[in-house]
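Asks: Before anything else, here's the structure in question.
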Amino acid sequence: MVEAGNPRKIYLTSINEEMIAISLLFMFPFVTWTTVESTQRLNEYIQYYEPLNYNTKKVHDNHLRAKRSTESTPYVHLSFRAQRRHFNIRLKRDTSIFAKNFVVETPDGEHPDFDMSHVYEGHMPDEHGSVVYGSIRNGIFEGKIHTKNQTYYVERTHKYGLNDQPYHSVIYSENDVHDPYAAKREDHIGGCAGTGKILQWMQDISTSAAPEEKIERKADKEDQSKMHENLLRKKRSTAFTRNFHNIYTRDAQQYTPYSMKETNSEKRACSLYIQTDTFLWDHIRNYELSDTNIREEITSLVSQHIKAVNHIYENTDFDGFRGIKFVVQRIKINDTRVCEHRVKRANPFCSPNIDVSNFLNLNSQFNHDDFCLAYIFTYRDFSGGTLGLAWVASASGASGGICEKYKSYTENIAGRQVQTKRSLNTGVITFVNYNSRVPPKVSELTLAHEIGHNFGSPHDYPKECRPGGAKGNYIMYASATSGDRPHNNKFSECSIHNISAVLRAVFSNEGKENCFE
């Protein structure tokens, strides 16, 4: 990290015809360099970055050539120098995170043939074990680069208000991402809202499922309408309790190692339904010029986050369960039209004053039986530093989490016991915190954290699973992490044992339905 006033020399590529090698062949033209001084922070989170520039027309032309190619794996090659090293990247179209029946839904209807050719994955041929993924739009690559010793992010300058700069991108190391609001979240036990009164409310709901055959009556339309009004009128919650101790004890973390012989199931893909609300649409509209560009940006955002989560889950051994991954089955993009007067009543996500628990509750009121998990991505600044919320799975007993089905639950609303159907295989994350856009590293870990709840992990407990110190805390720590320490990208042993218990119940059909594909 470079502190303000302590300049570091960085090396920028000269802006000329030969500064980048991007083609369908292995070509490495001559590249020239100039030296400049930089002491700039990118924003509150990113302490050091380097500008990045290259010939975007060449990139765009080769992207189009790859898109039209009849080859099974047409590659695009990208070469540049930054962060005191050379990046030689080989990319191909990424279809691995999309289900075969993948569809994008907009207010205009369903689009099963939505163009996703801008989504790429690849590696650096001269660096074993490297992984690269992201998107190429209008000739600009944006994404994530995993090398042997470091991880880098590449983003467009206009996301940071750098519209008048002579470069179109910035590149920074994940080690230079630091969370300026960590202390505030610690005070509120923020980041994830699954604590205190909200946690109690969620537990009350998840343990109130009514057996379908015993249900005498469902909530009538009047009850449903009143509940909907109460949810929308409820004030933003500040229901966070200090020094709240996780109810999950050491005894609850006892487990039996899973034997791969216990099930023949090799299906390891959890299908996802991702909705984005109008708040995220309006935010992206600030820097994208057309509706088409906004949709491409949203699908790129979803793709990169699912790819990042897969990188964590696929490389984790959950006591014998390996290769857990996520595939996007449906993306629903809500634009400003869904909140216009005539259709606003049909969309519950238009209200500006919805706290995080009610936002999750609104998502849960829809039938999501066709999916393993259903998430909403938003740009709402929830109170207490909250970045996300999700239902926690249980190996037995309580409902919630992966593969949970739409069924009736009982809740006390305005002094009345009302029975309402919900899908508890849901979660929400936001991309803004304390009026600042959070960097991708933080939002990726937030999504991994909330999905960890869906897979059965509470917040890390006891102390040995939240050690802190130089290596940091793990993914399921109660407060969000910036991802700059070794433990931040990993699950603790406590989380692994909790998740493996749920996976065992799912794959063995022991009280949990198996919806993996």
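Going from the start of the chain as shown, residues are counted 1 onward.
Just so it is clear, glycine is given a Cβ too, placed from its N, Cα and C backbone atoms.
As annotated in TrEMBL:
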- GLU450: active site (ACT_SITE)
- HIS449, HIS453, HIS459: Zn(2+) binding site (BINDING)
- 211-228: compositional bias 'Basic and acidic residues' (COMPBIAS)
- 268-503: domain 'Peptidase M12B' (DOMAIN)
- 209-228: region 'Disordered' (REGION)
Asks: Which state, by DSSP, holds HIS453 (Zn(2+) binding site): helix, strand or coil?
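Replies: SS state of HIS453 (Zn(2+) binding site) = helix.
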Asks: Work out how many Å separate HIS459 (Zn(2+) binding site) and GLU450 (active site) at their Cα atoms, rounded off.
Replies: 10
Asks: Please give me the CB contact count at 10 A for GLU450 (active site), counting all chains in the structure.
Replies: 27
Asks: On average, what pLDDT score does this prediction assign to the domain 'Peptidase M12B' (268-503)?
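Replies: Taking every residue in the domain 'Peptidase M12B' (268-503) and averaging pLDDT yields 95.
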